[in-house]
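As structure tokens, the structure follows; a few thoughts come after it.
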Amino acid sequence: MSDYLFTSESVGEGHPDKVADQISDAILDAILAQDKHSRVAAETLCNTGLVVLAGEITTNANVDYIQVARDTIKRIGYDNTEYGIDYKGCAVLVAYDKQSPDIAQGVNAAYDDNLGQGAGDQGLMFGYACDETPSLMPLPIYLSHRMVERQAMLRKDGRLPWARPDAKSQVTIRYVDGKPHSIDTVVLSTQHSPDISLEDLREATIEQIIKPVLPKELIKGDIKYLVNPTGRFVVGGPQGDCGLTGRKIIVDTYGGAAPHGGGAFSGKDPSKVDRSAAYATRYVAKNIVAAGLASRCLVQVSYAIGVAEPTSIMVETYGTGKVSNETLTALVRKHFDLRPKGIVNMLDLLRPIYQKTAAYGHFGRDEPEFTWEATDRANLLKSDAGL
């Protein structure tokens, strides 16, 4: 019998790195709403009273980037100078260039393929699914997301008036024989106004944010609750730490339960396989698990810049597969078009759908825009595998 602990974390929408991610994706959406064939690599830095927008954008869209940034900061809840950044008074600097023509020539017309679009860069991407939750996500990251999501909901609807936008969560699960057995430790830190006592904050956080999220069947024995362990968290958000786009790539994916190729998502249009192929491999892995062909599935793809066909495709099922990994890889090649433009068409990615992805995870959420979460090819895979 194997017995081990595994931990994942998430951060709230007011975390400085997530503020940057959301601004980058809000700008991407504003551009795609006007010109869906734009090339966008929008990076954001946010600090006390300051937002810097930089990167490469080639578009026919006419977007007020400064207003988009301010609107995003307002929606998150930074609407008071006491919070260190406020949407009305912060400085916003814009420094976008156009996409390099050397990159564009390989993306616009792949040398190996008449589908017309090569990969925007080399790289490797992973997708993962497992049967630990109904959304086929690992349990620790799933619970971590739900906690910071609930913190934001209770903050915005007035039930926790002392709560401020920045927050972090972390969940440790005990696994027995590879399956979740019980919840061991929950860490939650939430920014707060200076006038609430630590005792009241901890009680409200445990009772109103944490406990409603925990699956009752996994509450066995005493759970260790660590709420605001430093004792005070008034200074937070971009004032507490400088935020940058793309620094929460494990939060964005599987919480460390699966490998990561290293490429961030936010601010990138779908010609960037860092984003689109990570979505596609999640779609593939989720359909394999939904089909009952494995209880855990990892899919890797890789690309060369300017080349449409993936340089490799791999499926790994960790001994849980009903058919061989080689058979599954062949099924993936047969039923999923993993060329960059094939992915865009398969998942309908040329839409302004990305700001919603930029907090609480890109995967495992039941949102109508998240086409990569559909399991519409599970029956096809199952029948073709002969099961």
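From the backbone N, Cα and C atoms, a Cβ is placed for every residue, glycine too.
The ATP binding site annotation in Swiss-Prot covers His15, Asp166, Ala167, Lys168, Arg232, Phe233, Asp241, Arg247, Lys248, Ala264, Lys268 and is backed by sequence analysis. Residues or ranges marked as Mg(2+) binding site by Swiss-Prot on the basis of sequence analysis: Asp17. Annotated K(+) binding site per Swiss-Prot: Glu43, in sequence order, evidence recorded as sequence analysis. If you look up Swiss-Prot, you'll see Glu56, Gln99, Asp241, Lys272 marked as L-methionine binding site. Among the features that Swiss-Prot reports, region 'Flexible loop' is placed at 99-109.
Sequence features annotated in Swiss-Prot and their locations in the structure.
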{"residue": "Asp17", "record": "Mg(2+) binding site", "contacts (Cβ under 8 Å, 6+ apart)": "Val11, Asp241, Gly243, Leu244, Thr245, Arg247, Lys248"}
{"residue": "Glu43", "record": "K(+) binding site", "contacts (Cβ under 8 Å, 6+ apart)": "Ala20, Ser24, Leu53, Ala54, Gly55, Leu244, Thr245, Gly246, Gly267"}
{"residue": "Glu56", "record": "L-methionine binding site", "contacts (Cβ under 8 Å, 6+ apart)": "Arg39, Val40, Ala41, Tyr96, Asp97, Lys98, Gln99, Ser100"}
{"residue": "Ala167", "record": "ATP binding site", "contacts (Cβ under 8 Å, 6+ apart)": "Val11, Gly12, Gly14, His15, Val148, Gln151, Ala152, Leu188, Ser189, Thr190, Gln191"}
{"residue": "Arg232", "record": "ATP binding site", "contacts (Cβ under 8 Å, 6+ apart)": "Leu198"}
{"residue": "Lys268", "record": "ATP binding site", "contacts (Cβ under 8 Å, 6+ apart)": "Leu28, Val40, Ala41, Ala42, Asp274, Arg275"}
{"residue": "Lys272", "record": "L-methionine binding site", "contacts (Cβ under 8 Å, 6+ apart)": "Ala41, Gly120, Asp121, Gly263"}
Helix, strand or coil at the residue listed as 'Mg(2+) binding site' [DSSP, three-state]: helix
Per-residue Cβ crowding (10 Å cut-off), top of binding-site residues His15, Lys248: His15
For the region 'Flexible loop' (99-109), the mean pLDDT of the predicted model: 68
Collapsed DSSP category at Lys272 (L-methionine binding site): coil
Cβ neighbour count (within 10 Å, all chains shown) around Gln99 (L-methionine binding site): 20
Local backbone state of Lys248 (ATP binding site), from DSSP in three classes: coil
Maximum Cα-Cα separation in Å among residues His15, Asp166, Ala167, Lys168, Arg232, Phe233, Asp241, Arg247, Lys248, Ala264, Lys268, which the record lists as binding ATP: 36
